[in-house]
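As given in Swiss-Prot:
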{"type": "ACT_SITE", "residues": "E157", "note": "active site, proton donor"}
{"type": "ACT_SITE", "residues": "E268", "note": "active site, nucleophile"}
{"type": "CARBOHYD", "residues": "N133", "note": "N-linked glycosylation site"}
{"type": "SIGNAL", "residues": "1-21", "note": "signal peptide"}
Amino acid sequence: MLGKTVLLPLLVLLCHSLASASLVYRGADISSLLIEEKAGIEYKNVNGQTQPLENILKANGVNSVRQRVWVNPSDGSYNLDYNVKLAKRVKAAGMSVYLDLHFSDTWADPSHQTTPRGWSTNDIGTLTWQVYNYTMEVCNTFASNGIDVSIVAIGNEIRNGLLWPLGKPDNYANIANILHSAAFGVKDSTLSPKPKIMIHLDNGWDWSAQKFFYDRVLSSGANLVKSDFDLIGVSYYPFYNPSATLSALTTSLKNLRSTYGKDVLVVETDWPVLCPNPAYAFPSDLKDIPFSVAGQTTFVQRVANIVAQTPGGIGLYYWEPAWVQNAALGSSCADNLMVDWSTRQARTSLSVFATI
């Protein structure tokens, strides 16, 4: 009886430990942090104590930070120097760095993939050389600053291509050559160990769209081959399309893994605490989750479970949980943050990362 009494708590602790360690990457994108701090924003932990945001995240189970990198933004936001400063703090807090290369001077997404100033818009050979050199420069700069990088995404949400007009989806050979050049910019850099190389598309729940892209870019007759990249990342937002069900995400991630043999991650996701007038109906299998702090916890746990139960499912990143000057995060939902926008205090939902 004594043996059972001792073993049972140990088994409970072991199971909890295994559950907590199921995802390799438990992350958040906090790219806006330095801009927020410049505006005078200070963050507080759940107990109301002022602390650096990266320390608050680490204490709540976050082990990796995603950073967007722009080429030559007019005001310096998210440029290489900005990201080196942020990454030094991330590493000092004991978390890994994931660089999200937009290959643009501004936002890159399915609706915008603007070629940086000074890069070619009419010669693919010149453009791919510029992509290679820039990617290697970014990686070498991190290496020279003593900053290890775990993941480099070569493009952001590139389902509709990248570096327009040459990289538009009417020419998958161009897209493939751009991605090949970017991948070798990472491989030929001085970073050691080498980062994992990721391709990242939006609408991660839409298997047909994912398959359409990868089948074409890998069969275009250009240079890109499967061995050029290691990871497939997807965005999964619940508030842009009622078809974005958890069931559809499950199918898509499993098919991505089985078809292309890559580890898979959800690298952007959010859940609202306030959404009185959503622009679109929410997916049917998410309607039981409330728009609340508790709802954020439930949502992240459900998505994390789907990733963890997918063979090769290794990570989840919440997008901009602390961007208090932009609580809607571009959606029709008024507040998607894990930090209260008015008090700057961490919400209890932030601790969900310690459970996934």
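Note: Cβ is positioned from N, Cα and C throughout, glycine not excepted.
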Check each residue in the chain of E268 (active site, nucleophile) that is at least six apart in sequence and keep those whose C-beta is under 8 Å from its C-beta; list them in sequence order. D29, E157, S235, Y236, Y237, Y317, W319
Please report the three-state DSSP label of the residue listed as 'active site, proton donor'. coil
Taking only same-chain residues 6+ apart in sequence, whose CB is under 8 Å from that of the residue listed as 'N-linked glycosylation site', what do you get? G185
What is the total of other Cβ atoms whose distance to the Cβ of the residue listed as 'active site, proton donor' is within 10 Å? 26
Three-state secondary structure, which DSSP defines for E268 (active site, nucleophile): strand
